[in-house]
Amino acid sequence: MQAAQGEGWHDAQLDFSKSMSYGDYLALDQILNAQHPRSPDHNEMLFIVQHQTTELWMKLMLHELRAARDCVRNDNLPPAFKMLARVSRIMDQLVQAWNVLATMTPPEYSAMRPHLGQSSGFQSYQYREIEFILGNKNAAMLKPHAHRTEHYEQVKAALETPSLYDEAVRYMARHGFAFDADCIERDWSRPVTYNASVEAAWLEVYRDPTHHWELYELAEKFVDLEDAFRQWRFRHVTTVERVIGFKRGTGGTEGVGYLRKMLDVVLFPELWKLRTDL
């Protein structure tokens, strides 16, 4: 006798009246009801979903970056390799996501822009924490989060804590590499800047990668990550220019001009310079 239509479909469970479903597990009711357009314009939904999904990916990036930093701090490098590789692949995902937002034309964005107020991706506290964990620190960037104590404290902690790269240098110092004293203990709220003793240590690693394999692998994971981050920043600039030209950003920055300056930021300067010096 044939089962009634809808019952026993490929032996899949179909009744979730007493068990957790896919939607329950993912809290889809909350997620899919978190989009609240402020304009009547059809295209605002794209704008909201683009930024919300980016924030979800950044949540995962932070999960991986914090764990990787802890691994390096605790002298356990191998697990960090997978975590950093995952962050790079997330960045690849975010690079491709700009293609979707780029379907919004200038007139479409102009129709909804008045409804955005002063809100801007510049104010993302998760993005700011990512920048700080990667060493691009600027204490002035705490101010946009002062109105939300929990966000402010989270970002401030990242500002005042050694970056992932700082922890790598400290790891190397614990394992016999020589550094200037201020590379090991300093004001961690200051951004990473080039240091000759740091480059010398990494050059030693790169000149004998077999002997220093774990550090060599870590360094290449850093380069992979910064490479992906640079691509994301470039697509950000070109997408913004394509949609709004050189208008000022909603958050008050000079828009494309500001984003172009960010292209010059180098997160791991010694790892790039040594390629010339090898």
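Glycine residues also receive a Cβ, built from the backbone N, Cα and C atoms like all the rest.
Listed in Swiss-Prot:
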- Phe47, Ile48, Val49, Gln50, His51, Tyr109, Arg113, Thr250: substrate binding site (BINDING)
- His236: heme binding site (BINDING)
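Tyr109 (substrate binding site) sits 15 Å from His236 (heme binding site), counting Cα to Cα.
Least crowded of the binding-site residues (His51, Arg113, His236), judged by neighbouring Cβ atoms within 10 Å of its own Cβ: His51.
Looking at Ile48 (substrate binding site) and His236 (heme binding site), their Cα atoms lie 16 Å from each other. The distance from the Cα of Arg113 (substrate binding site) to the Cα of His236 (heme binding site) comes to 18 Å.
Phe47 (substrate binding site) is 14 Å away from His236 (heme binding site) when you measure Cα to Cα.
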